[in-house]
Every structure is written in structure tokens, then in C-alpha cells.
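According to Swiss-Prot, the signal peptide annotation covers 1-20, on the basis of similarity to another entry. The annotation topological domain 'Extracellular' is assigned in Swiss-Prot to 21-123 on the grounds of sequence analysis. What Swiss-Prot lists as transmembrane segment is 124-146, and the listing cites sequence analysis. According to Swiss-Prot, the feature domain 'GS' maps to 178-207, an assignment based on sequence analysis. What Swiss-Prot lists as domain 'Protein kinase' is 208-502, and the listing cites sequence analysis. For V214, G215, K216, G217, R218, Y219, G220, E221, V222, K235, the entry in Swiss-Prot reads ATP binding site. The feature active site, proton acceptor is assigned by Swiss-Prot to D336, with sequence analysis given as support.
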Amino acid sequence: MVDGVMILPVLVMIAFPFPSMEDEKPKVNPKLYMCVCEGLSCGDEAHCEGQQCFSSLSINDGFHVYQKGCFQVYEQGKMTCKTPPSPGQAVECCQGDWCNRNITAQLPTKGKSFPGTQNFHLEVGLIILSVVFAVCLLACLLGVALRKFKRRNQERLNPRDVEYGTIEGLITTNVGDSTLADLLDHSCTSGSGSGLPFLVQRTVARQITLLECVGKGRYGEVWRGSWQGENVAVKIFSSRDEKSWFRETELYNTVMLRHENILGFIASDMTSRHSSTQLWLITHYHEMGSLYDYLQLTTLDTVSCLRIVLSIASGLAHLHIEIFGTQGKPAIAHRDLKSKNILVKKNGQCCIADLGLAVMHSQSTNQLDVGNNPRVGTKRYMAPEVLDETIQVDCFDSYKRVDIWAFGLVLWEVARRMVSNGIVEDYKPPFYDVVPNDPSFEDMRKVVCVDQQRPNIPNRWFSDPTLTSLAKLMKECWYQNPSARLTALRIKKTLTKIDNSLDKLKTDC
């Protein structure tokens, strides 16, 4: 019987031989080729650089959509290039400078067979014959061998593997079924690690079912959607806010932004529904909604208050700092930080969303990438230098200081909802008592620049050590002189110190 068990893997290896090492062996110092780039994913660029070039043709709502581009890493295009053409999509790949210039992918026609299709059918036939051969040889041994294998496997299985077989927020499935967790994990270990390959993004986007609208605004709508049983958020931009969609898509696909306090990006796509073009941005779904909505319904204790503000500061510090190396990122300023652009997660932390106005800066090139978006930030959260138009628009630090001003206002919103001595204030937006619900630019300029007013600090805060520390911190975010304001990293360290002192106080008690 032991012999039978030993024979089983040998015969399976005969039936399903491993790919040759020649095919799988990674290339040392792979050569990069210049490729023609045409289509939505190219932006304003007419070329790109990668290890493989491609030309594709797909059918979208009855229209032929042609695209050309490159796979930065050979493995990215490996499966795509080997896939035989289908009636709805065909991809041709090549290696060499500008090799895809004169290549046009063609969809298969009746009676016409492609070499890739013939090889595919041949491989399938060989596999079927191998399987039949293996089954005939193993018919007598299979039952007992499988029974023994199952028994041994169950003895080794840790009960926790069954109980905790999910990743937070993303459902795991059987081997062979792609999940968001699989796709996102792969995106962090191949290519730039910044996002899914464009062809994968389009596949995910077209398999999503919209379930319910969870928010509306001037930018468009946010829907809860479903992809293979998993909840996702779908932000559908209005046509007038196309630049914001393009900016977020560009930023997420070129920058390593994976951080627990930055909203997780999944895919972006331009699709057609009800005879109109829709711009989709697909992200992780957080059912608790925005911080703005959360604070109106929920009061906070000291621990939950600090968890919220520290997580926001951590996300902002990650945006502001430049990280060097292959898994690095440029420094980024948000430019529209507010409680409506911050989402609350199940664990009580927050993540920063809406990067449609973001500005990027790289020290190595000293280039400031402001983007091409006519949209401006939210007037209620604008810093004095923005309102009086004295901001140095060619200096990246100026944009970071604008974020710090806005963070101070968000900190004030959160602190008002923290209960101390049984007292708590109702939720109110910043400057609620001196400007109307939808303040104009002039309204805010008079209050912030001319009168130099700041949000009111309630007296009860000074009887609570945590609120006293938070009040001091927010005041240091509101200096009229931008260069005097704290940095995001300093704010994060200060909040961590406040949090640690609270833990120490609990331990001493």
C-alpha cells in the first residue's frame, strides 16, 4: 500500500509534466524596449518602456477598441500573451524597440485557426490522454491512497486555519478562484507594486454588480458594489469632474500607496452604461462611511478619539514623506483634506480618500507635479494663504502646510465629540458659527484672513488632560504663518506620545 502511495505522485508528474526550466528561468538584467502606447492607460504619453510590447483589440458595447502599450515586467504579460484570441478580445505581444508599431491584433473568424489555438487544443488533448492513462493505472490504489492522504492531512491541519480562513475585509476562496486579496497581493510583488495591470483592472470593473447608492455629491455618486461576493466601493465621477478621475487613476497606478490609513485602490475603468460614458474608481468598501457622517451619530471616549486622530495623522505623514528605493514613492500633498474625505474602518481607525487634487514632488528630479485639474479645494477648510492668494504655488512645502491647516480643523471636529466628565458638544463643521452653510470665498477670507478667527475651544476641554493636549496641538496647526505650523510627522509623534501616556496612566491605576 505504501508503494501505491509513492507511485501516485510519480504518475501525476508523468501525466502533468512541469514546464521546462528554460521557459520559467528568470532573465538576468532583462532588456527594456521602447513601445508605442495608444489608449486610455497612456494618458498624454505616446510611448512607454517595458520588457514586452503588446497590441490588443477588444469589443466594447459593439465598438472595436484598439490599444497598444507595454508590460513593465515580463511576468505581467505572460498569461495575457499566451491566451488564444477569442471572439471578444485578441492580444499580440512582441519584444523589440517599437515592435508593436505595425502590429494590429485581429479577432478570429470562422474557418480561420490561429497557431496559438492549435497548440492549445493539442495540449488539451495530450492532457486528457495522460489523465485517462493515469486513472487506469491507479484505479485499484486511488481509494485507499486518498483515504490515507486525507487522514494525514487532517492530523496536520491547525484548527485555527479553519476558524480564521479570511483576510480582514476580503473573503478567501478555493485555490484557482482569484480574489481581491490575491490580486492586490500580486500587484504589490510584481511591476511597480502600485496597482493592478490595466487589463486586470478592466476585467474586475466589468464583473462588478452595483447594489446601492451610498453617497452623492458634486463629483458624482458612490455605490456599494459586489465582485465575486465581496463588497467594493464604486465612485462614479460626473463628466465635468473627469480630471479628478484621471488624476486619481494616474496617481494610484504610478505610485506605491499601500498603507492602512490610505483608502485601498482596486481598479479604474471608463465604461458605457445607459448610452452615457461613466468614469469608475473602484476601492475597498468601508460600511461605516465618512468621518463626517460618523461623528454626527457617534460620541467618542478617549481611546477611540485618539485612535481616529492618530490614524489620520499616520495616513497624512505617509502621503507627505518621500520614500526612496524600488518600493518607494514621491512626496504627496492631498489639498482637499476634510472629514468628508476620511473614511472610518471597522477597527476604529480611519483612512484618507479622494486624491483627485493631489500634488506630487520628487527630490531627485525636483519636479512639482500639480496635475491639470481646475477644481479647487473645499472653501471651509482653506488655509489663510490660499484664501488671500499669497501661497507659493511653485513650492511643494506650501501644499503640505495647507494640509496641516485642514488637519487641525478635522482634529477640532473629532475632539468636540469626545466625552469628558459626562459632557460632549454636538457635531458642527468648522466655523459653523461665523459663516453660512455653503460659505463663499469672500466669507472665508474675511473670517480667516481679515478677522483671523479660529474655531472656538470649549472651556470644558481644559479640565481633561487629553483634550487640553489636543487643543494645544490644533492651535499649532492654525498659525497664520504657514512655515510655523507643525509637520505631519511631528503631529504623529505627538499624538503617539499622548496615546502612550494614556496607556501608562491606565497601567498605574
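Each residue, glycine too, has its Cβ placed from N, Cα and C.
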In sequence order, which residues at least six apart in the same chain have a CB under 8 Å from the CB of D336 (active site, proton acceptor)?
D354, G356, L357, G377, T378, Y381, A406
Looking at Cβ-Cβ distances, which residues of the chain lie under 8 angstroms from G220 (ATP binding site) while being 6 or more apart from it?
K235, I236, F237, S238, D241, L279
Pick the one among the binding-site residues V214, V222 whose Cβ has the fewest other Cβ atoms within 10 Å in this structure.
V214
What count of other C-beta atoms do you get within 10 angstroms of the C-beta of R218 (ATP binding site), across all chains shown?
8
Three-state secondary structure, which DSSP defines for V214 (ATP binding site):
strand
How would DSSP class the residue listed as 'active site, proton acceptor' in three states?
coil
DSSP-derived structure type at V222 (ATP binding site), helix or strand or else coil:
strand
Over all shown protein chains, what is the count of other CB atoms within 10 A of the CB belonging to K216 (ATP binding site)?
10
